[in-house]
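Student: This is the structure, below, for whatever I ask next.
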Amino acid sequence: MNVVRIAGMRVRIALWALIMTVLHGCLLCGAFNLPHPQLQAANFESQLEQQSCSSRWACLLHHNGHRTFRPTHAFRKGMLFASSTSLSWANGDEQDRVHHIAQKTVKQHILSARGYVLGVGLTFLMAAAALNLPRAPFFGALPIAPAIYAILLGMAYGNSPLHPDDGGALQPGLSFSKKRLLRAGICLYGFRIAFQQVLALGPAGLLVDLFVMASTSVLAWVLGTRLLGLSEETALLLGAGCSVCGVTAVLAAEPAVGAEQHQTAMAVATVVLFGTLSMFLYPFLYGRLPLDARQMGIYTGATVHELAGVVAAGGAMGAEVCATAVVTKLTRVMLLGPYLIALARFRGRRGAPQGAAATATAPQGAAAPVYVPWFALGFVAVSAVNSLGVVPRVVAEQLRTASVWLLHMALAALGVETNLGKVRGAGLRPILLDLLLFVHLTVGGLCATKLATGLFG
């Protein structure tokens, strides 16, 4: 095992060295030269600064004897990289301006890197606190999920005088945690799913899952936008959280529907609220409803919001109920990828902005581009890999743990960027919508379970 690990490490190091050698050779040869007909002396400084800021390389130029400046090795000036921009100059005084802009650009890159480290570090500390607070003597007695602790810690800091309105130096790291780490966490969440679990569930459980997801999503959109006057983004976020897998679905649906931070924070809070309530309600209903252990497991897994809530509620009702409930819930989670793609297409056809592909970027009068959540496809791909069993069990377990940490770091970053004033401005309407959806899950899910198990056993 150690020999294989060492060999793999050597291969990765060799590949990395080869890539860096090729890139460095391309830089020295000017293979990445940028077109420069528009760079004239009149607006030289602003355009050079724009090009250098949009590049990952520090712009450093030297005279080559032909009144043209080309990239030189940055170590001569104490910098790590050089750009391959070619420019023509009117006089030698421009060199000082170039060096000034180059130093300014390098400083910006250093500050940006510092912001990444500080922002990601802050979300990591908040996630660590949120995951460990339920184990503390006092906080362990409270029925509060770690996800709520993460977002509350973020909101406490983000709405305090310590945090500037524009995010300050932490903004690059906060944005990275809220977007990149979130998508990575959702992809790794696929290691909780195996297609064999779906096949073992049978058609009854799958039909109940599909009914719950479709009916809850449609009901959330109709009641939220038509009856309660909520924004479409808020209604769809609440529908995703109630119909699929709670907080994870809300966070995954945020870029697909183009929601803002305060809308996502409100959706997370309300979904967790009623998800926590279901953990206490379902064990109370067990034995009082005309359902056997298998039916109760399907009912619980198809209607409880969070996977943790399914485990908690199912465990309180016995091993058979818990096993069936977990498999049913994991089937819902596996459908997250197709659900997000369908949600994004729905928003795209309605001409609504989604993620990076907003209608503002589309030509006037043209249809809005359809946002494809590639991380959802990654989630399905990871689930397929996990189903094949090619990943060692120890590695898969570590990746599951990593997904939990990444998702809680994203929640903390979301809390930091949440404006409490906007959350209060939403009023009680999101809570009322989630209450109506909770009633639908409880009653409609019960009817669907009885009907499906009666038809297919």
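First residue shown is number 1, and so on along the chain.
Quick reminder: no glycine exception, Cβ is built from N, Cα and C everywhere.
Just so you know, TrEMBL annotations never went through curation; they're auto-generated.
Taken from TrEMBL, the feature transmembrane segment covers 13-34, 113-132, 138-160, 205-223, 235-253, 265-286, 371-390.
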Student: For the transmembrane segment (265-286), could you work out the same-chain residues 6 or more beyond its ends whose Cβ comes under 8 Å from its Cβ atoms?
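Tutor: Sequence-remote neighbours of the transmembrane segment (265-286) are 143-145, 147-148, 151, 155, 234, 237-238, 241-242, 246-247, 250-251, 259, 296, 299-300, 303-306, 309, 312-313, 316-317, 321, 411, 414-415, 418, 423, 426, 430-431, 433-435, 437-438, 441-442.
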Student: Grab the same-chain neighbours of the transmembrane segment (205-223) for me: Cβ-Cβ under 8 Å, and only residues 6 or more beyond its ends, written as numbers and ranges.
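Tutor: Hits for the transmembrane segment (205-223): 198, 232, 235-236, 238-240, 242-244, 298-299, 301-303, 324, 327-328, 331-332, 335, 339, 343, 433, 436-437, 440-441, 444-445, 448-449, 452, 456.
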Student: Against which stretches of its own chain does the transmembrane segment (371-390) lie, if we need a Cβ under 8 Å and a gap of at least six residues from its ends?
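Tutor: Contacts of the transmembrane segment (371-390) (Cβ under 8 Å, skipping residues fewer than 6 from its ends): 183-184, 186-196, 252, 255-256, 258, 334, 336-338, 340-341, 344, 347-348, 354-357, 396.
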